[in-house]
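Below you'll find the structure, written out as structure tokens, and then a few comments.
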Amino acid sequence: MAAPPQLRALLVVVNALLRKRRYHAALAVLKGFRNGAVYGAKIRAPHALVMTFLFRNGSLQEKLWAILQATYIHSWNLARFVFTYKGLRALQSYIQGKTYPAHAFLAAFLGGILVFGENNNINSQINMYLLSRVLFALSRLAVEKGYIPEPRWDPFPLLTAVVWGLVLWLFEYHRSTLQPSLQSSMTYLYEDSNVWHDISDFLVYNKSRPSN
């Protein structure tokens with residue numbers, strides 16, 4: 001079925017507008033908002049689904065609501081951050097006539113405070129995800145720039161051993177310092193595996209189902 005003439009005419013106008021270079025910076029900000037919303041939903045929904053049904057108690061309705069709420073918050077925050085970051089970058093470029101490396105840091109710095117500055121579980125997870133990658137990247141950058149010598153042997157096995165040693169030590173003796181979702185995961189792995197009553201909660205279920 002062909003589209004109505006009015007709709008086809010509108011699409012022609014919209015597509016012509018999207019191709020105009022003079023509006024590219026503003027339109028890039030809008031598409032960044034769109035991409036942030038989509039990406040946030042795509043990565044949060046599966047994570048929330050798994051974590052909620054593995055570790056959260058409550059009715060099916062409560063679990064579904066928790067999944068939707070977490071997905072919405074992540075999607076909305078990421079969309080706002082991309083919008084803010086790209087908008088500030090465009091403004092900096094317009095004011096100064098070109099871009100500088102400091103522009104990226106300043107725009108993201110302000111966006112981070114405005115969007116991800118609230119201390120909650122979702123923002124904590126996002127920040128910790130980024131922090132690990134930032135530290136890796138800075139280590140590689142320091143080697144590339146010659147600030148530190150390139151290792152003569154692969155340091156990854158030692159790093160792995162230290163990370164796993166520390167996280168299990170923290171879990172066993174200073175658990176409250178770990179992020180809640182990590183506590184839940186490690187409890188499932190290392191403590192729930194110590195308890196069973198029969199074959200049902202040894203192989204089929206993690207914990208015995210309550211009898212009716």
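Using the three backbone atoms N, Cα and C, a Cβ is placed for every residue, glycine included.
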Quick test of your reading of Swiss-Prot: among 76-96, 97-117, where does it put transmembrane segment?
97-117
Rounded Cα-Cα span from ASN206 (N-linked glycosylation site) to ASN57 (N-linked glycosylation site), Å
14
In this structure, which of the glycosylation sites ASN57, ASN206 has the fewest other Cβ atoms within 10 Å of its Cβ?
ASN57
